[in-house]
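Working notes, structure below.
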Amino acid sequence: MANCLLNHWLSVLVLVMWLGLNVFLFVNAFLSYEKGDKYYYTREILGSALAWARASARCLNFNSMLILFPMCRNLLSFLRGTCSFCRRTLRKQLDHNLTFHKLVAYMICLHTAIHIVAHLFNFERYDRSRQSTDGSLASVLSSLSHQEKEGDSWLNPMQTTNMTVIYMTLTSIPGFTGVIITIVLVLMVTSSMEFIRRSYFEVFWYTHHIFIIYFIGLGIHGIGGIVRGQTEESIKENHPYRCAEFFEKWDDHDFHCKSPQFEGNSAESWKWILAPGVLYFFERILRLYRSQQQVMITKVVMHPSKVLELQMIKRGFSMEVGQYIFVNCPSISYLEWHPFTLTSAPEEDFFSIHVRAAGDWTENLIKAFEQQNSPIPKIEVDGPFGTASEDVFQYEVAMLIGAGIGVTPFASILKSIWYKFQHADHNLKTQTAGHAALNFDKATDILTGLKHKTFFGRPMWDKEFSTIATIHPKSVVGVFLCGPQALEKCLRKCCHQYSSLDPRKTQFYFNKENF
């Protein structure tokens, strides 16, 4: 239990650090715009909505910078390999990449909503102060023209009383790109719902790739400088705390306070997203290069229940147990790539996948290979990429739990155990391989001795964990799952419950496959 708690608290620490950075950036930006002298006059028009808009924008930039990193699969595989000597608790953090990606996406949605609502108030106040004729400071500031002789002095982007909020939104770079970014974000988020992703993967795949439009729009969103503040030189000569109350005398040449000069903020978003954008670009270039390497299909097997097995070879392909690849079939779709767990062992001279009919793309792939008289379709492969199952041989005892097609990651592991046993691999740390490996190639059931193999129902998990904890009182047990979320919750609870408080006794580590 001590190790489970350590892993849990390390995950919590990472989450708290991320949330803490969001809070710090938000508060820092909020106070800068709410209290700073530079935006004293801007606040006269916009009020606190200015600070809310800019603080949420800062957090939007920060999370947009982060969201691509969990999707750099080659980077994660590299880190997993270089961290092979690290503690399990450190390596396991890499298994949460998709969860972190989703959390960052939710944070982007939250700050997008805040940003939009704040700017709706800003635009309304820009319009109201421009229409005002009451001689207030806000109306005087809004009437400052673009064509002042002393410089670029305008503060309100709505320069005429005839300009509407909709017109300014659709004709300005920040407004137009903001609309496009919001539409793209809505499409990506809604198509990422579990139901759509599972049942209509093609919809999820295509809409998710319009993220390119999101990042381009975000990069140029700040161009135009609609949000403006007083220049440093103007503040020194005409400080707002000294001159604001005498705004009616600004036009008096004999008065010491003159009309303030303003400047737009430079675009900042591109600075946040440039580095991860370049990194992700090279990630995709590497994927493209690998996907163009020739793949030769050596064997096609149709199993019961419409499960297709493809055995393939590819020059330079090297894998570890539990890894997965992305597969594309150009005759079905040039753009769609689907993840499949490798079911072959590293010791075999080929690599294989099993494909179950679970959507239009997989059904079309199976049909393409079922046609006897047609040429074998071309297949492109990208990968392999690392998963939690790579660590299976780092444990003395391993529990492999698969539901439905989720058994495929463990086919690779079981085959590899058999090969390691056959070749007397002394580096195999896992104890429990002997019983399974000795009987792996038997035609009879290992328990009953009958030709018909025994099939068990749903396990009693409390009994299973209790038994393993009793048999292996001082072992570190790796629990590996590829299955539904409901089963994940149950197994996590059992891992926590049956791990000893004494780190020298039985410890259960939970590992979940994520694609």
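Cβ coordinates come from backbone N, Cα and C, glycine included.
Quick caveat, the model's predicted, so the values are computed rather than measured.
Per TrEMBL, these features apply:
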TRANSMEM  12-33  transmembrane segment
TRANSMEM  103-121  transmembrane segment
TRANSMEM  165-191  transmembrane segment
TRANSMEM  203-227  transmembrane segment
DOMAIN    281-391  domain 'FAD-binding FR-type'
Closest-packing stretch to the transmembrane segment (203-227), where packing means Cβ pairs under 8 Å, from 12-33, 103-121, 165-191: 165-191
Taken over the domain 'FAD-binding FR-type' (281-391), the model's mean pLDDT: 86
Long-range Cβ neighbours of the transmembrane segment (165-191) (under 8 Å; 6 or more residues past either end): 105, 108-109, 112, 116, 119, 123-124, 126-127, 157-158, 197, 203-204, 207-208, 210-211, 213-214, 217-218, 220-224, 226
Residues of the domain 'FAD-binding FR-type' (281-391) by DSSP state, where helix covers H, G and I: 26 helix, 39 strand, 46 coil
